[in-house]
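*Asks:* Here it is, the structure in full.
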């Protein structure tokens, strides 16, 4: 179809625009040949008339259909031109937030100026192994393609990254190298890949700087070769650099910085290791503050310095080398601050006292005088003499700057060489991948020598790129068998010749540099003279100091100023000599004479970049241009010998705004980087390429009915295309693809859209016609009804008169009466008939119901009696078994409890003896106090004698003293009142304690009832009650202490009063009366003491009697003595009474504990007998099942014998097996009968014993209840007595204090002793366990020795379930049972876990013999063999499943026979006796079933597909695992892990593939998820929680299907997608692709709305799910019920050397 025919109505075109470069417009009217105007409608609604030349119409480029907009590859667009490329990039970058786009073999990367979550390790693994077009464009896809081609084609690869400054070249190259480091791990200890990545921070620090366009601009080109070995693992790297911008060291433009390393050093000037460098702030050095910018926003130079030093150390560049580098850098900074003064007459000088000169010379070890002299002078060597000539200040400054540049350049080269040395690892290089990070085409307002060299390098790279694209295009056509026509493409060889050929720009520049008097202007005049005729060289109109070159990208005007100086790169020989003799070896080596080295040529030969003939006078050192040409030639030689891959970095805007798109800047870079040239080459031939399947699925709507043939889609596509497009030159049919010329796919899209639009119009036509007809019929029906009623009313009005009305009323009356009579007659007849029918029917139904009820009642009665008889019978048998089990168990528990109680009693006796000793000490102290009291009485008598002498003197003041005595009496009364109040408070506290004790009794009674139902609840409540009692006792003791303190204060007051009285009695006559009063008080006290002693003795006797009555039959006599106080003389003390009371409480607690323990022991015994009965019943049922299974096996064997009668070799073996099985059947029947007899006898014995125990327990319970009531009464009496005694014991305050202190110490000691006792008990328990193990081993050794000593060993009647083998047969055993065993054998499948049982029987025999060495070697051999099988057959799922089941079974057997209590619960008594002994001591943790489980899961990774159509594989896996007898818990865990792998992989594909983000794909995914859910239901595996792992995928599919336009839709998305993080939701919305033109894209405003709703959501920020995540695997213990003693080893396993024991 002709291109002009596409300019029809509704199509859109692109027209030029000054602001947006191109803008879209819609064609209003069809364009016809001869029209001079194309009528357009702009997007803002304005009309536009585009002028067209009728003779040669140049129409604007057509716009692609919306379905093609946003394609991953620009070459897939129907119309390939500049506006289409620009628009496609803008849609992907701004709307979809996608920064990568393919353009054929080029990856276009637009800098987002924002950190994106698309570079994690999960994304690297997702791209690993994928083809380049399968996933969304990414730098990792290009790296994977290079890595894959290197491994597949065994050819070196290159990745060329280019672009403007600030476009992201360095970051892209860094990510490419990181991909290689992650994918191809070196596997060595040197970690070369880490070193390769660590070189980036160093090179960026010394080679990157801030410019106006980029904060981290690379000011040099870098080519990094990453070396790989034959296994394609990194073994080293090598780095080459190009054209370092040395001028930046001494000069920076405004708003720019020097190299980062200078600012990093200045930020660390305060650190100790930098003190000797005498660094200043960055704004104080001339070389760092020239641009006015010393900081970068968001960059911490000090942290970057730490990272630089860390990477230096990681590369092996130690502190010495780092300090040398920092010295040189600091010297460069100080050199920039060196002041050069003007001395007049063209002279200059450097002051020797300049501090920076001294620091520079000190750091580099050079002479200050020599440096100061030769900076300002120059030596000129003549024929006859040598002249020293001073130079002016400007040339001296140039010499200083040249010296700084040269030092930095040498330092840069030295560091690069050191890095290359560190990256070299011993090993032969097999292949390499080179990453070229080089500057792109540059054009500025002022372009100098650096831009000239950069653009020259880009010309060479563009030429190589054009040739490569042309070659790939040719290979594509040849592969598809399409005729190849020569395509005209731009060849920039003339520009290259203009620069590098003889008499070219560089040659003339080198020639001019040879002349001492040569200047930039003289060189420019030579250019105008020799190159004026070249069309690519121009002279600017308004400038005589510049020239213009027509590059492939654009015209560039170069200013000639500085070309000669920069090309010469001159440095005075005198300054070089000074540095050459430096005392600093690191610097002196920079300037040593370089020896001429012959460079051997490589195998690959290319056309030389410059002719080999050079001028004769090249004895001086090479110029910068010459060096750059040679290095560039070497680079091109390397690139031509490799397969290149291209990455073009684009800078979207100059303001560094995130996701802002400046079309003018972007189109400028697209033109410069060769993207548009690639598109132009593709557009000249057949740019659009579709596979036959894609074409069939997309354009099947255009096919006719007879053309649709699913069997041969290729021929169908040919037929349709030949019908739709008449011109065969517009398309070509290849082997796998259809090639279209530009515009043909858009034409097909137009036909498809017209067909869809026509179908929509047809549907609309029929729907609207149907609705209109329906509406018309309703209106017509309503009109007819209205007409009917109107006409009826008219006729009625015309025919109505008085006579007719009367006749009508009369007729109505007659009709009414007659009809009523007739209806009554009929009603009566019908009523009689219905009543009769109802009576007979109801009677029949009632009789039938009665009969059925009688039958049901009789059946219920029969069922009731039968079920009751069965229930009674079952209950009796169960009760007998339970009672037997409980009794045996409780007897054992009682014995253990008695032993423990005896130990506790011994400990209590020791503590009581210690308390008695302390009490005796207190008694001795009391005797001493009594002696002191006697002395006091003697002293009183002497005082009385003195009082008689002083009676006369004291008569005058008696009256005064009497008044004072009355006041003291009043005070005494007040004190007595206070004392009474305190005693009342004490009584109240004791009353409170009494009530608490009463409540405690009620609680205890209540808890005693509850304990009969639930033991655990009773223990918890009892513990709480004890805590509350302890708290109450503590509170009472504290109250008592406070009362004692008050009493002490009152006594102290009394003592003071007595002393005053003693002093005053000398002058008082009434002292004898007071003395009489004192005597009476003393007598009263003695009487009270006697009464207290008597009462205390009575209380003690009562307590002794009560405690003996309570505990006489429970505890021993020494314990009873410990519970009663020994010292009867001190029973009147309050503390002793409380201690007695505590003893009674202890007695009651002992009784209660004993009662509770007996009850618990009886209950546990009953439960134990019940468990034992259940276990025996289970064993009986299992034996019956085993017998049934054996009978079934016999039947199967008989069938197998009949089927295999023709095979003579197998018949004898099967006969032997049949005889053996029959013999086993007879043994089993006999064993079952014996067990049934034993069960009957045991049940009768257990019932009798249980009845006796229950009667004894009930009698003891009644006795204990009576004793508890008596104790309660005694408690009440003692509490009353304690209240009385508390008021009468004020004079014993000091003794009580001493006793309380002693008791507190005793309590502390007892608590320490109890803690130590607990520790000792734990140690004793451990030792007891060890003793038991040793005793078991001793018993086994004795039995084995006895068996050896007997001369004629007895033949055992039963097998022990063990297999014996010789030590030399161990390798054969492992070989036959593990290495050579196939899981498809009949014998192996008949008995699941057979290898595990055989191996375990061998392990048991080695353990039975106590041969630890043999056991260890066997276990190690089994572990190694299983691992070897798993590693060598990691792709065979059937074998992995087989060994997963067997290792799990073997692990369970090891646990079951280990002898540990937790695994012995379900073992028989025989298995408990034959438990393994050495295995208890050995560490069996090394044997685990996780190895085959992990291998099984890793195998499932190879078949995961995004389509989720893997039900057949899942079914095969499930059936295989079930066939091998794998436990259901393991199958569920494996299925859950497989579901997670499928869900994670599919979701990651959605994130990384734009074609997966559509409504149709979401529907397919949800359908497949429903299939998986049905699969789980069919196999009853919903409890595995496998569907929970698919929730993120299900929500992503739902997100693809929901509406995405309104605010409600945004809220719905946030509510639905709870398992997806905000990054994943935004990624899916941005990547959503409409299927047709009728579906709308997701707008950026809607995406921002969803983002705002998701701001508060916490969670991960990772884009990808970790497909390597593994759920925690658990292997629960599942006991084996296989009788090992009945298991026979099949002869087919070739294990004849094994012997059954």
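Cβ coordinates come from backbone N, Cα and C, glycine included.
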*Asks:* Under TrEMBL, which of the candidate ranges 563-585, 586-608, 609-631, 632-654 is annotated region 'Actin-binding'?
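*Replies:* TrEMBL lists region 'Actin-binding' for residues 632-654.
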*Asks:* What residues, ordered by sequence, lie under 8 A Cβ-to-Cβ from residue 167 (ATP binding site) and sit at least six positions away in the same chain?
*Replies:* 109, 111, 440, 649, 650, 651, 669
*Asks:* Note the Cβ centroid of 163, 164, 165, 166, 167, 168, 169, 170, the recorded ATP site, then list each other residue of that chain whose Cβ lies within 8 Å of it, in sequence.
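*Replies:* The surrounding set, listed in chain order, is 111, 214, 217, 218, 440, 649, 651.
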*Asks:* What is the three-state DSSP composition of the region 'Actin-binding' (632-654), stated as helix, strand and coil residue counts?
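*Replies:* Residue counts in helix, strand and coil order: 9 helix, 8 strand, 6 coil.
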*Asks:* In sequence order, which residues at least six apart in the same chain have a CB under 8 Å from the CB of residue 170 (ATP binding site)?
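*Replies:* Correct list: 200, 204, 208, 216, 218, 437.
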*Asks:* Just name the most isolated of the binding-site residues 163, 166, 168, going by other Cβ atoms within 10 Å of its Cβ.
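*Replies:* 166, out of the binding-site residues 163, 166, 168, has the fewest neighbouring Cβ atoms within 10 Å.
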*Asks:* What is the number of other Cβ atoms found within 10 Å of the Cβ of residue 169 (ATP binding site)?
*Replies:* 28
*Asks:* Fewest neighbouring Cβ atoms within 10 Å: which of the binding-site residues 164, 165?
*Replies:* 165
*Asks:* Averaged over the whole of the coiled coil (1026-1098), what is the pLDDT?
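*Replies:* 63, rounded to a whole number.
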*Asks:* Counting by DSSP secondary structure, give me helix, strand and coil numbers for the domain 'Myosin N-terminal SH3-like' (8-60).
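*Replies:* For that range the per-state counts are 0 helix, 24 strand, 29 coil.
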